[in-house]
């Protein structure tokens, strides 16, 4: 059924019931919506400088809320960053890393044995203490075996898939990824849920949008606070969009996908306003990692002025678009220079809900409430990890690289380039370069592209290093790595 028709029918029903006009709302227990994009780059949104200006809803969201130009993921790859968002902890702490080669990235494809540990406490599990109904729509990517799935980790409802829409495979050795409605498998990508790789047409984003709108309406009707984790993956290669959006962007098929996702965000915010619960709902928009520039210009987005992209700990792989929206609570039109991370969404969401973070473990995420309400700045570092190795750290405007590595010479010689058109000698290295004795330091304010390391003989370098070194020492001294969950693959566990 057409999304617009569904919306009209739902709003008509709510008007008939008098619910729209007399909504009691959850003022003491705000709703929470986290909208997480997949491989969307910092430079893909108009308000961050995308010249095509094809994200009017996100731009409007920013104008009505708070923009974070210095917001980071916890890892430059899908699975670890998602694990960090939901646990508030670095992947090296929550176990979402591998020790199978120094600083190697790892995630959860179909054949991975591991997944999110039962010892981790996820955001929806804590929110349940306050009566929240929790739903994930879209990509999970924290393990596909039964005990790793969302309903085992605090979510009450799920519509989506354990992995991304890789494929099509459709064979007994590597079948297409399943799609679930709660605990029931309802089909597979490319089969019951079609994706035309040739044309890029798929209705998946529209399906996810309908699921989101329906969930918002029904939880509001039941007067229950809700947490919606909306994780559409249309901007992950192979990118897709519905027929309505195909061919509409100046940026090709990837831009079509962005336009549809922007439309979807606009529809969800419009639904909150129509139901009169916009002032009772905290919404945050961001991405799981930088644009996957190694997929080529037709299958990936823009990281703006930043170096490289997905899978690297250069700014293009780790800095994300981020917008907070909460009418009546977050002042409109604000731009915060706060250094933020996806891990902060754990602590901030619990604060919004009136809950405390777990006190039996170290939580890396900060409560950004003072930033949201008063634009107060909180002093904190940003750590950049690949695998279990701290590659870099940012303190204030300075970023120090203790290790550099883009991807291997073997991959690079096969045409896989994590930094196409952006090679910087001695920086975007194809071997794992150790700079621990004399880190490369950049001033990101005047050199966001990380092209010009500050000379080690300058006072600026020495002053910056004297600020950064104690931060790194303290971090490493207190670091207790979690048990690595992503070390083992086994084709026998294929679904």
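Every residue gets a Cβ built from N, Cα and C, even glycine.
Not measured: the values here are computed from a predicted model.
If you check TrEMBL, you get these features:
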ACT_SITE  78  active site, nucleophile
ACT_SITE  141  active site
DOMAIN    30-354  domain 'Sulfatase N-terminal'
CARBOHYD  203  N-linked glycosylation site
MOD_RES   78  3-oxoalanine (Cys)
Same chain, |i - j| six or more, Cβ under 8 Å of residue 141 (active site); the result in sequence order is 78, 79, 82, 107, 108, 162, 163, 164
With Cβ-Cβ distance below 8 Å and at least 6 positions apart along the chain, what are the contacts of residue 203 (N-linked glycosylation site)? List them in sequence order. 194, 242
Let me check the 10 A CB neighbour count of residue 78 (active site, nucleophile). How many other CB atoms are there? 28
